[in-house]
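According to TrEMBL:
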type     : residues               : note
ACT_SITE : LYS107                 : active site, proton donor
ACT_SITE : LYS213                 : active site, proton acceptor
BINDING  : ASP137, GLU163, ASP189 : Mg(2+) binding site
DOMAIN   : 88-182                 : domain 'Mandelate racemase/muconate lactonizing enzyme C-terminal'
Amino acid sequence: MLPPIDALLESLHVVRLPLATRFRGVTEREAALVRGPEGWGEWSPFLEYDAEEAATWLEAAIEDAWTPRPAARRERIPVNATLPAVAPGEVAAVLARFDRCRTVKVKVAERGQTLHDDVARVREVRTLLPDVRIRVDANGGWNVDEAETAIRALELLDLEYVEQPCATVPELAELRGRIHRLGVPIAADESVRKATDPMAVVAAGAADVLVVKVQPLGGVRRALAIVEAAGLPAVVSSALDTSVGLSHGAALAAALPELPYDCGLGTAALLEADVAAPLTPVDGSIPVGRVTVDEHRLAWHAASEERTAWWRERLVAAHAVLEAAER
Ligand SMILES: O=C(O)CCC(=O)C1=CC=C[C@@H](O)[C@@H]1C(=O)O
Ligand SMILES: [Mg+2]
């Protein structure tokens, strides 16, 4: 059941949180929170997303604030460190923010950079932490030939998997055939969270692992259904959420029957401020359970009046999309 727009607008809080390092081209993360009978829910679609896409993210926030979370099968979720596309000299400082994570996800194929930059960054991680698992995420930035070349070069540093090496499902399928012998699994992220049909990548046999994110998929229940239907191992990851959204992700990870990989839910470590005591990794994991939102932090990091007005308008538009779909 969709709560009325007034209930959402009444509880809406918009914050603007500084990042420790540039990520996805931004240095500040804007996020909105809404409050329902079960607690706070996070609604933080990236600023460039239209009302349609933002509406799916809103379903997740409403789910979390208005319905109880599913039963948890585990109390802590092992998480990976997330390394933005920084220069080798900055790698150690970023990784130091993630306490004893045994997996590092390295961003690669950043616009304006080269394969040489990617290899240097991954090599620096391997040198600093010889025993960690390293996965890379290209955000669809390579064509099939570029991906094959890059994976052959990076595989020498031992890869756990490569996330979204190419943008489209047919490209992923072709690449998977080409690199089959290397034994580097392919994880699908954008092909799940931004696809009209998240099962298409599975049907095409184009991925070995699914990355699932609560907000882009419209909530924990929907994400659980996708993982079950796919029959592939899943990695729960963040959308660079505040600790409210991260705890929602942890609820999904806690509810999954199996959790063979570390999850991308350690990203509170990339924020310089948060809306609750931050869910940063401790001994390589984060706890399961709701976080307590701190009113002082909400006030301290509140977005400007102008930005808040923008989010209120955005909320009305996203809510209208959901309302139209309900009829
Ligand atoms: O998976 C992680 O380690 C952290 C989350 C993460 O990498 C992302 C969060 C938000 C937007 C994306 O560009 C990015 C991703 O592609 O997975
Ligand atoms: Mg990704």
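Even glycines carry a Cβ here, placed using N, Cα and C.
Within 10 Å of the C-beta of LYS107 (active site, proton donor) we count 21 further C-beta atoms, all protein chains included.
Highlighted in sequence order, LYS105, ARG135, VAL136, ALA138, ASN139, VAL162, GLN164, ALA187, ALA188, GLU190, VAL211, SER237 have their Cβ within 8 Å of the centre of the Cβ atoms of ASP137, GLU163, ASP189, the residues recorded for Mg(2+), and are not part of that set. With respect to ligand 2, the recorded positions LYS107, ASP137, LYS213 contribute ASP137 as residues with a C-beta closer than 6 angstroms to one of its atoms, given in sequence order. Counted within 10 Å of its Cβ, the other Cβ atoms near ASP137 (Mg(2+) binding site) come to 25, all protein chains included. DSSP gives the residue listed as 'active site, proton acceptor' a coil state; it is part of no helix or strand. Recorded residues ASP137 (Mg(2+) binding site) and the residue listed as 'active site, proton donor' have their alpha carbons 5 Å apart, per Cα-Cα distance. Between the binding-site residues GLU163, ASP189, the minimum number of other C-beta atoms within 10 Å of a residue's C-beta occurs at ASP189. Over all protein chains present, the Cβ of LYS213 (active site, proton acceptor) has 25 other Cβ atoms lying within 10 Å. Spacing of ASP189 (Mg(2+) binding site) relative to the residue listed as 'active site, proton acceptor' is 9 Å (Cα to Cα, whole number).
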